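Asker: Before I ask anything, let me first share the structure, which is written out below as structure tokens.
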């Protein structure tokens, strides 16, 4: 069922990937949601830094490899049916490429509820 | 781009659905992850109770319709590229069909980190 050697079986389904939610381990804030393959989970466990799979670029990526905004993963949790993960992280800088701490910085009605923690123009050239 | 009439454009992609993370509005705990269609989001906004789309049953469902463990949605947040949501909820009972408050009650290594809040045998007959 799972291609990850762990106590909890993961189910990557037909697509070969599942969503992983990055959550600030201290504040509980949800920082971002991205997708992971078995390889991304393995690399995350090996390095202690969050890795994901980019659906558009079709490649494994390490969060913060370009920006320096690395996520140190303190714990990985799996849900009851093994098809979603939480990365509980210590986030350097901000998670969002817009400069906000969290990618979920707006309500659906357009109200800004998040905090901008860096200037994206200074980070991404 | 979006089939939901909101200030923030949502991108449901080819599949027609995006993940929604239910988060306890008070504690910040992540309770579950499920998928939503435009219709599920609209029903959630209309009723104030969390609705999702079941990929296996291929139908809209209201969380708690069977168990009574309804999620009262206080706020919906969208991520930067509009392809993931957070439902910030007040959860009645527990979110997980196993009786745990959260579906993410285990680490990937199999350690139980969540709290069981109801007896599933007494709720689901």
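Positions of Cβ are set from backbone N, Cα and C atoms, glycine also.
Keep in mind that TrEMBL annotations are predicted by a computer and have not been checked by a curator.
TrEMBL lists A:79, A:81, A:83 with the feature Mg(2+) binding site. Taken from TrEMBL, the feature Zn(2+) binding site applies to A:80, A:96, A:103. Residues or ranges marked as domain 'Phosphoribosyl-AMP cyclohydrolase' in TrEMBL: A:32-105.
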Asker: Kindly report the helix/strand/coil residue split of the domain 'Phosphoribosyl-AMP cyclohydrolase' (A:32-105) according to DSSP, in that order.
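Answerer: Helix/strand/coil tally for the domain 'Phosphoribosyl-AMP cyclohydrolase' (A:32-105): 10 helix, 30 strand, 34 coil.
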Asker: Within 10 angstroms of the C-beta of residue A:79 (Mg(2+) binding site), what count of other C-beta atoms is obtained when all protein chains are considered?
Answerer: 26
Asker: Under a criterion of Cβ-Cβ distance under 8 Å and sequence separation of at least 6, what residues of the same chain contact residue A:96 (Zn(2+) binding site)?
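Answerer: Looking at Cβ-Cβ distances below 8 Å from residue A:96 (Zn(2+) binding site), excluding near sequence neighbours, one finds A:31, A:32, A:102, A:103, A:105, A:114.
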Asker: Give me the long-range Cβ neighbours of residue A:81 (Mg(2+) binding site): same chain, 6+ apart, Cβ under 8 Å, in sequence order.
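Answerer: Residue A:81 (Mg(2+) binding site) has long-range Cβ partners A:11.
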Asker: Which one of the binding-site residues (A:80, A:103) has its C-beta surrounded by the most other C-beta atoms within 10 angstroms?
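Answerer: Max Cβ neighbours within 10 Å, all protein chains included: A:103.
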